[in-house]
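TrEMBL annotations:
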COILED    144-178  coiled coil
DOMAIN    1-61  domain 'MADS-box'
DOMAIN    88-178  domain 'K-box'
Amino acid sequence: MVRQKIQIKKIDNLTARQVTFSKRRRGLFKKAQELSTLCDADIGLIVFSATGKLFDYSSSSMMQLIDKHKVHSERDMDSPDQLQSFNLQSEKKNYGMLSREFAEKNRELRQLNGEELQGLGLEELMKLEKIVEGGISRVMKIKGEKFMREISSLKKKEAQLQEENSQLKQQSQQARLNEVEGHNTIEGGHSADSITTNRSLVNGHLDYIDSDTSLKLGLPFPY
């Protein structure tokens, strides 16, 4: 079968347009890489999608290639007016590029928040999903590390409180023991005095009985 020639015109279907852009962009960059490798050429490609997203390829440093292009462009200027006009155009282009980059970054930020996703293709959605998953993974990792540090700090405080509680308990027990020993010492002193006094009273009473008995019997008083 004869391959049907594709008519070159804007693709109306949004999904088909994004698929075609993605395929042809990769093909274009591949051909540029092959040309650079085969012919040792310095190549720089800058592509903006319909949504303003930037894609680029360079065989070396892109900034060096841009500066090299700028130097060659300035050499072609014949008059100061042409040079001034070129500088003005260059500034406008730079401003436009920065504005588009700013808009693109804001759009990417909104997409990370789950907004403006309808215009994205399957490949771009999968790429965005990986970015979000990577961000969530890093957030969970840092969150886990902070949790572990908090748990470690709480365990240290718990051990310190247990140690202080143990010391207070020992001090309380020692104070009670000292109080009991002091009370027993005082009671022991009173008991010894009472025993001595009772013994003296008993001995005196016995002496009195012996004397009285001797008097009644007419016996000599014992000395």
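Each Cβ is built from the backbone N, Cα and C atoms, and glycine gets one as well.
Confidence for the coiled coil (144-178), expressed as mean pLDDT, is 88. Helix first, then strand, then coil: DSSP counts for the domain 'K-box' (88-178) stand at 82 helix, 0 strand, 9 coil.
Each residue in the domain 'MADS-box' (1-61) gets a DSSP state, and the totals come to 26 helix, 10 strand, 25 coil.
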